[in-house]
Amino acid sequence: MLWVAILVPILIILPADGQFPLPDFEKTEITERQGVGSYRLPNDVIPIKYYLTLEPEFDTFGFDGIAEINLQVINETNTITLHSVELTLQNLTINCASPAEDYSNLTIEYSFLDLARQFLVITLSRNVAPGSECTLLILYEGILNQDSHGFYRAQYTDREGNVRWLAVTQFEPTYAREAFPCFDEPALKAEFEITIIRPNNYNSLSNSPIYISMPYMNNKRMDLFRVTPRMSTYLVAFVVSEFTSVSSGYQAVHGRPEFINESRGDFALSMGLQVLPAIENFLGIAYNSSLVKLDNVAIPDDYFSNGAMENWGLVTYRESSLFSKENVSTSAEKQGIGTIISHEYGHKWFGNLVSPLWWNYVWINEGFATYLQNYGASVAQPSWRLMERFALSTLQSAFSTDQLQNARPMTYDAETPDEINALFDRIAYNKAGSVIRMVEHFLTTPVFQRGLNRFLVNNSFSAATEYELWSALDEAVIEAGINLGRPLEEIMTTWTQQAGFPLVTILVAPVTRTVTVAQERFLLDNASYDSNETWIIPLNFVISSNPNFEDTAPILLLRENSQSITTFANVNPGEWIIANIQQTGYYRVNYDEENWGLIANYLNRDNFNNIHPSNRAQLIDDALVLARAGRLNYEVVFDLISYLNRETDYVPLNSFINNLAFLDRVLSASPNIALFREFTRNLLQAAFDYLTPYESNIDDHIDRLNRQQILTTLCNLNHEACLQSASNYLRTWQHISPDLQSAVYCGGLRNGGEEEWNYLYNLYTSSTTERLQRNRILNALSCTENSTLLQRVLDMAFSQSTEWRLLSNADRLRALTGLYTNSENGIDIALNMNFAQLFASFSTRNVNTILNGLSLRLTRGDRQDLFRQILQLQDSSSWDLHGNAFRNSLSNINQTNDWIANYQDAINNWLIERVTLPTTSSPTPTTTVSTSDTTVSPTTPAPPDNGSIDVRIMPLLLLCTLILLYT
Ligand SMILES: [Zn+2]
């Protein structure tokens, strides 16, 4: 728009050395091409400093920009190549200087946009020599669209019903080029001086503090920000809004004024104030040595794709990841807020201060942020036990992806924007975080800390690869007098540059008691895979005569495929051995059946607590997954998990519940599903009795998480006392404690009828119900077998009824996934939906999610046949668009059937031998679950399971995947 208006202040802020020509107002002609070749910039010319001026317009939803970029010529060239996409470039001017060259006649010969590679290529009238300094001035326009990346617009409705607009940024990994022409690669760091022109009633934020704010024309102001540290383009940010804030010291939380007034930012701020010094102390580098403020901004959920973004000095979050409210937010949600702040603050060092040289090392950013999200939040909130739960929350979740044949290595090349975006996955976050934790325990914490400090100091304001990381840690190792026998790099690249992870198999010779360890790659679906990968594995063990689970240092480094260990030749007859103390090593462990049996016997005795909770969780997860992969008999595994009938600790119970979703699903069409559910109810009875359905003021954080998972699972399993409690809560028709809501809403509907459903439906539609609570209600509305009510949920998913037309895409997806997840009849309703309408009203990605989830629930032959017929009837355009999703769904059905054919009988035989269903007439406990060692009578009778197919286990992992928000 008004270039003249912007140029007046620009003259004020440009250096007054007279080098800058007044821009030519003639529009520069820029053609378009489809280039071929590398997506990497040539780097003959690199940026030193950007002066950016941006003026968002809230009436036209456009923005005007001026980018003035100081450049240094590295190699002789007549071409300047940088990034620009979705911008309308108006005018380009170049000016170069060098003591040895005369550039007075230098002009731009021609420029073009390379559309595929998102390049702006500028060809000069002559070569420029190395050492020359140039200034490129670009005038341009852009659109504030609503696609949640680049410089874009978001909105919310205030308490008076007015729509309020804001302009925000999301640049990682390749979207800074949508806001200003730039050298958009992480290693091409520069300083930024940013100016924002905004309406008087708005305010602006950027990475650094404002140093001058001055009146501008047309009721606007111009905010000039201090120069930033040398940093990557993807970390630049600005927000123009009517937000207010709450602050302490140099930290602040910003958001819509009504939420700030209600103190919704206070918990986040208090977490930030505790987490920042914790991480500073751990790494030995103060945050304010590079930037003097740290703002956190809450963006309305529908306009923020990720959980949060670590822009230096200006972290952005979705509102539900930053704001909390008493009596609305659950303990798990508050924990999510604490850990996401800790994650983003961790990036201030890993990512912001030291950046990856290229995106193939993005795992250094995300792995350390994942590690530090647990570390920082655990210092602030010790009762959350986050470091003890690390294996459960992070490592076991990484295994679930990394055990598939198509897993990628941590260090993995990518060039195009799509390829780069795909790197932000569970391997970059959870696997890298787990491997980093392994390094800490392998080297010991003090050595790890010294090495990290050295890495950060050596590479500050610069970019690095994994080699700089390993070498800095290696120096700390040598200083500590530790001899690893080989460079750390050689050890660690076996973990970072190979896909997958090892299965360590430990065999104790029956007579000599010699222990042999072997390694191979573990794959879930291909037991016959011929492994030739080896890892250098920091290995440790505990034996039952000395159950010390505290020392996590390795006893040896396993280098070969197979190795005998004489050190443990004294594993006596009757003694078990457990490897991978606290599951700090990134590997699974299998044993001979005798050792598994000894462990199971030990667990089933009273002193099972001698085994560390993390290792109890490890044994459960390893055993269940090994059985699923055909590497261990289910009978052995069921003997082992039988000990859970006395377990009350959250960590092992959570490990079991995560695996239960799979077992309950594949057994759902079994004739003995009633026995399996009776067995499972009994396993969780002790935890139910210990926690009770009632909250207490002596509950700690873990008790509250534990109660939530036990009630949800038991009510889904039709546990009578659980359902009764849920009904009693719901039928008070009063507000229910947030931590109980999910279980009570779902259990109350299972046990109730139309009255309960209508009550929740009305609560959902009430304008005063908070969004988080509405989400919990929407998840639960399909916890009924009433087909009329389920049909109404389907209507909501397709927004057929007028009142649902404003339902967001995320809400519609939530409604539909709940339908086939929560209810047996819901599966049939989902199968009978209009698939053409499904494809028309959901994105390709969501169609993939829905077909994947639905196909996993199809264990009955008649339903599988119907589903296959539905896919066959789809036209070629649907196959073109969703063919991968169709094929994946059919493959899911085949895998389910394979599992049933291979393993169902063994489990049924075990169940028939050991589990008895209670008789319907008896009010007293009649059920026993026996193992070779124990007989347990539950204290509360479980209701009879009528034997019908009754799938009730909510696949927690599936739901987690749905809401998995990378940050
Ligand atoms: Zn991150």
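Cβ atoms are placed via backbone N, Cα and C, with glycine included.
A TrEMBL annotation is a machine prediction, not a hand-curated record.
Over in TrEMBL, the protein carries these features:
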- 1-18: signal peptide (SIGNAL)
- 47-235: domain 'Aminopeptidase N-like N-terminal' (DOMAIN)
- Glu172, Gly307, Ala308, Met309, Glu310, Asn311, Arg845: substrate binding site (BINDING)
- 267-495: domain 'Peptidase M1 membrane alanine aminopeptidase' (DOMAIN)
- His343, His347, Glu366: Zn(2+) binding site (BINDING)
- Glu344: active site, proton acceptor (ACT_SITE)
- Tyr429: site 'Transition state stabilizer' (SITE)
- 576-872: domain 'ERAP1-like C-terminal' (DOMAIN)
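Structure with TrEMBL features highlighted.
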residue	record	DSSP class
Glu172	substrate binding site	coil
Ala308	substrate binding site	strand
His343	Zn(2+) binding site	helix
Glu366	Zn(2+) binding site	helix
Tyr429	site 'Transition state stabilizer'	helix
Arg845	substrate binding site	helix
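Less than 6 Å separates the Cβ from ligand 1 in the case of Glu366, drawn from the binding-site residues Met309, Asn311, Glu366 in sequence order. Mean pLDDT for the domain 'ERAP1-like C-terminal' (576-872) in the predicted structure: 95.
In this structure the C-alpha atoms belonging to Ala308 (substrate binding site) and the residue listed as 'active site, proton acceptor' are separated by 7 Å. Among the recorded positions Glu172, Glu344, Glu366, the residue whose Cβ has the fewest other Cβ atoms within 10 Å is Glu172. Among the recorded positions His343, His347, Glu366, Tyr429, the ones whose Cα is located within 10 Å of the Cα of Asn311 (substrate binding site) are His347. The separation of Glu172 (substrate binding site) from His347 (Zn(2+) binding site), Cα to Cα, is 13 Å. Proximity to Glu344 (active site, proton acceptor), defined by a C-alpha to C-alpha distance within 10 angstroms, is shown by the following recorded positions from Glu172, Met309, Glu310, Tyr429, Arg845: Met309, Glu310.
Comment: substrate site residues Glu172, Gly307, Ala308, Met309, Glu310, Asn311, Arg845; largest CA to CA distance 27 Å, whole number. On the backbone, the CA of Arg845 (substrate binding site) and the CA of Tyr429 (site 'Transition state stabilizer') stand 21 Å apart. Distance between Cα atoms for Met309 (substrate binding site) and Tyr429 (site 'Transition state stabilizer'): 14 Å, as a whole number. Each of the binding-site residues His343, His347, Arg845 was scored by how many other Cβ atoms lie within 10 Å of its Cβ, and the smallest score goes to Arg845.
Here the candidates are the recorded positions His343, Glu366, Tyr429, and by Cα distance the one nearest Gly307 (substrate binding site) turns out to be His343. The number of other Cβ atoms within 10 Å of the Cβ belonging to Gly307 (substrate binding site), over all protein chains shown, comes to 20.
Between the CA atoms of Glu310 (substrate binding site) and His343 (Zn(2+) binding site) there is a gap of 8 Å, rounded to the nearest whole number. Put simply, Tyr429 (site 'Transition state stabilizer') is 5 Å from Glu366 (Zn(2+) binding site) when counted between their Cα atoms. There are 26 other Cβ atoms within 10 Å of the Cβ belonging to Met309 (substrate binding site). The distance from the Cα of His343 (Zn(2+) binding site) to the Cα of Tyr429 (site 'Transition state stabilizer') comes to 11 Å.
There are 25 other Cβ atoms within 10 Å of the Cβ belonging to Ala308 (substrate binding site).
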